[in-house]
Amino acid sequence: MAERKPIESWLTDMDGVLIHEGVPIPGADAFIKKLRESGKPFLVLTNNSIYTPRDLHARLRRMGLDVPVENIWTSALATAQFLGDQRPDGTAYVIGEAGLTTALHDIGYVLTDHEPDYVVLGETRTYSFEAMTQAVRLINKGARFICTNPDETGPSAEGPLPATGAVAALITKATGKKPYFAGKPNPLMMRTGLNTLGAHSETSAMIGDRMDTDVLAGMEAGMQTFLVLTGLTGPDQVENYPYRPSKVVDSIADLVDWI
Ligand SMILES: [Mg+2]
């Protein structure tokens, strides 16, 4: 096998890698600090489209992790960059929160319920029947259906919550139209992030806690992949997949010396 080139830039998942249920994972602060000191390009990724990078920066800082706003990459930003490439200055009907509406405004999109180019579905905590009805009618009239991420449930302190993928399934049932998902495991999420950094996949690494999203998307984007065992995947589960990460480590603490 050809020797991999040295890693010049890093992409890392957030939940299960750097933080877990609102608490930083040991080693995350040292990892971010070393990355920042190294001057190497990096992004912290999340499929969650609720928050803007500024919101996430503040939330991470409260947990003791100082990640600059420009180093945060969400599925909402990936969706906005994708739509800006596909149809510059387009229009969209949006179901979602500030993370998504801000990202679309920032690329020059107009948000409207009048003959939009797209219906864009993101995560919200207040899915309304009226909004879903509107989305169904607009898709039936020809609006293209885009969804920030396919996650069917999301975590909360009280237990799992239905998430974007579950609501997308409802709209698909009602329209017969499947959405295009921009977030993980679509490697588009990694490619748009790498483009933003000006980084190349063959000298970049992706760190994640899930085989079926982080490792899959990183691998398909042509990056080296690191699986950490502080999140959803246990060591015995790795062999259940037909692909594997470049390396499995216990936690982010083991990757500090790789920078
Ligand atoms: Mg994760």
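Count begins at 1; order follows the chain as displayed.
Cβ atoms are placed via backbone N, Cα and C, with glycine included.
Where the annotation comes from TrEMBL, it is an automatic prediction and has not been curated.
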Joining ASP13, ASP15 at the Mg(2+) site recorded in TrEMBL, out of ASP113, ASP117, ASP151, ASP209, is ASP209
Whole-Å Cα distance, ASP209 (Mg(2+) binding site) to ASP13 (active site, nucleophile), is 8
Taking only the CA atoms, the spacing between ASP13 (active site, nucleophile) and LYS184 (substrate binding site), expressed in whole angstrom, is 10
The rounded CA-CA distance in Å from LYS184 (substrate binding site) to ASP15 (Mg(2+) binding site) is 13
